[in-house]
């Protein structure tokens, strides 16, 4: 999404969230059929229909998109679906359509379950994984766009409300994560890129995430798009870790009222002393909301920070320090603890 180009050698950091999916999946499956239609308030969030994806042919499907296509439209929000992706490298472009909410896509470990594609230039068409459905959850999966340094190459686009990501690795170079619109939550994720690698107009909370910059000189971690002072969108980074090579800004404004806050986060010396960039438009210095609160590390020194960024007071920071920022208490849900087999018409006919 950025205007400047960088040419450093791309490398994927040796960082993985080694979190093994609960083995109770195998022992909790029942043979119950799909529940009848019901209102959202009557969903049993403890139980999901389980669909297995396994390249070896031992699952219900061998490709992730096939598993998604097997799920019927679910606009009455009556059923949770849990797609369990066995370890492997899945080379495909995946889309979750709007008419299929309440899907969880889960790898086994982010270190051995990969969704990879290579596409670039078009920010809306290049994503390896695109989410259009609400109430989506992704766990323990590595999502990569391997297009390289030549232009925009989105690994993940989130264009729906109420999406959560846990223990995921998301990597590309430019525009890695298009955090497009809606309320979103990212926890214990690793996100890597060089230019505007977290961008978009969503309202998102990033908690205990590791952000790694590949930019050799003056890249930007964020490019948040907020077009008015009354718009509720913005990015909050809470308890995060910023590392990398070269130098990077914390953010620059895609929209005139761009809003980004870093709190309780570690900044390595990869963060440029100025901290923030106005993207060649000094008028935005009067309208953006760029704040830091109790951050630490060599890159957190504010002595040379641009004067139009904020060192937030306790009172100013409060609104950004909890899940209330994204209304998360109303929609974030725990992982299901019980599973049902998919109906026969949903399963791959080749599987006995």
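Including glycine, each Cβ sits where the backbone N, Cα and C put it.
According to Swiss-Prot:
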TRANSMEM  13-35  transmembrane segment
CARBOHYD  76  N-linked glycosylation site
SITE      174  site 'Transition state stabilizer'
ACT_SITE  175  active site, proton donor
ACT_SITE  196  active site, nucleophile
CARBOHYD  218  N-linked glycosylation site
BINDING   252, 254  substrate binding site
REGION    332-352  region 'Disordered'
COMPBIAS  343-352  compositional bias 'Polar residues'
From 196, 218, 252, the recorded positions whose CA lies within 10 Å of that of residue 174 (site 'Transition state stabilizer'): 196
Distance, residue 252 (substrate binding site) to residue 218 (N-linked glycosylation site) (CA atoms, angstrom): 11
C-beta crowding around residue 252 (substrate binding site), within 10 angstroms: 28
Candidates 76, 175, 252, 254 (recorded positions) with Cα within 10 Å of the residue listed as 'active site, nucleophile': 175, 252, 254
Distance [Cα-Cα, Å, rounded] between the residue listed as 'active site, proton donor' and residue 254 (substrate binding site): 12
Distance from residue 76 (N-linked glycosylation site) back to residue 254 (substrate binding site), taken between C-alpha atoms, in Å: 36
Euclidean distance between Cα atoms of residue 252 (substrate binding site) and residue 76 (N-linked glycosylation site), Å: 40
Packing count at the residue listed as 'active site, nucleophile' (other Cβ atoms within 10 Å of its Cβ): 29
Of 174, 175, 218, 254 (the recorded positions), the residue whose Cβ has the fewest other Cβ atoms within 10 Å: 218
